Amino acid sequence: MAAKEVKFGDSARKKMLVGVNVLADAVKATLGPKGRNVVLDKSFGAPTITKDGVSVAKEIELKDKFENMGAQLVKDVASKANDEAGDGTTTATVLAQAIVNEGLKAVAAGMNPMDLKRGIDKATIAIVAELKSLAKPCSDSKAIAQVGTISANSDESIGNIIAEAMNKVGKEGVITVEEGSGLENELSVVEGMQFDRGYLSPYFINKPDTMVAELDNPLLLLVDKKISNIRELLPVLEAVAKSGRPLLIVAEDVEGEALATLVVNNMRGIVKVAAVKAPGFNDRRKAMLQVIAILTGATVISEKVGLSLESATLEHLGKPKALVLNKENTTIMHGAGAQADIEAAVAQIRKQIEETSSDYDREKLQERLAKLAGGVAVIKVGAATEVEMKEKKARVEAALHATRAAVEEGVVPGGGVALVRALQAIEGLKGDNEDQNVGIALLRRAVEAPLRQIVANAGDEPSVVVDKVKQGSGNFGFNAASGVYGDMIEMGILDPAKVTRSALQAASSIGGLMITTEAMVADIVEDKAAPAMPDMGGMGGMGGMM
């Protein structure tokens, strides 16, 4: 085991504070409408230009192990805020820096660190409750567009396209962000449910000009196994042929003799049929088949529940209005599933989303929920260069997270004003002792930090602006973009309550832990000696030079 270096007390905290300030100073330059960009060097390709706090934080590693620990802890604040709300990373970093700087001054002055933390925690709980009471519902397109615009660094085109996407696919619908090929942002919406599996054979195509297979008023057979023997399929194929309707088979796979027979039947016009693989693998495939079944009123044919393919009847088949298959995707239009079943499945998936701790599982569950609850919208980001494209795409993704958070928990006045207004919740708050009171007062000063930083980045005097905002009430605040005071909501400067809340909670949590640090342990960095010169072997053959 490598030898360790241990630092105690003030010397440990001073080192940690250096790391905190290096990272926070780089991140906070991006805050507000007049925040600056940060250029990140990449090991290959062009540098990345960003105004996204968490992207800047992730790039920072310091040479000194103890300073780096401080930087990594603040990086965790940004990540926590990003994981919960998808935005507010810069605000969280600024708050954490203020809490740590104020807290370590109090510790140096002889206050008890544990009581300081308890005071900070008490004040945080009160401010979070006040933020929730200040929040107003965010339901109309105008408010959604304003939230998206603010989060996308005051880019109205991004706010508007997100509002339009939400309007088309609903609050639960899937909205994905992709790199476009043009200069302008584009929005395309897929009605109905889509999954990423295309036709198994090009011989199923019935629209050669567009290379798609379109099935009108079809029947849908869902099978949770591979189909290779055509005999299993014959009873259901005969019943479908008598009905005169087209058929789509969705199975784990359709191969060999079974696929060849389906192709021949389709080409001869005996049964208009197509086949695709079921989306996903193993348990996810079973779950997706169940979602398709609920949406279309079908029953999944699975031997695990006692249903064999030979016993399948028309009653087991789904009845969507139309199906469109291309090489990569299958789209189900207007499934005929019972509304009560769809609502029950939506409620169950929502419960699973709340309970899961895995980001990947949550993403897949939300995808499944969206397939049941709404359509799919794709925002294609347009830009002139690849560097601009990456920067713009990151802003669109941040804005999308912010608007989802706003719809979830409502909006509060933006520009750091909500935190200043929430201070009224701790006006008369008292701790159990004087050190806890110092912790409460410390947080009171720290929550002004985001407003101060926004004003400083805009080139104005922070103290003057903070005093004027404090004298006002309600939504009164400072518009850093135009330099005027007024009603923040009316000026369209909104923040999602969830973003502000999670930024404060993450900053208080990590900030409080850093204040209570008394010792730090790190590996000793050994300077590697320069390699020795190779043995020259007596420099043979050079004896006659003397």
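Any Cβ shown, glycine's included, is placed from N, Cα and C.
Among the features that Swiss-Prot reports, ATP binding site is placed at 30-33, Lys51, 87-91, Gly415, 479-481, Asp495. Every protein chain considered, the tally of other Cβ atoms within 10 Å of the Cβ of Ala480 (ATP binding site) stands at 26.
Spatially close to Thr90 (ATP binding site) yet at least six residues away along the chain are Val27, Lys28, Thr30, Leu31, Gly35, Gly53, Ala78, judged by Cβ distances under 8 angstroms. According to DSSP, Thr90 (ATP binding site) is assigned to a helical segment. Of all the Cβ atoms in the protein chains shown, 32 others lie within 10 Å of the Cβ of Gly88 (ATP binding site).
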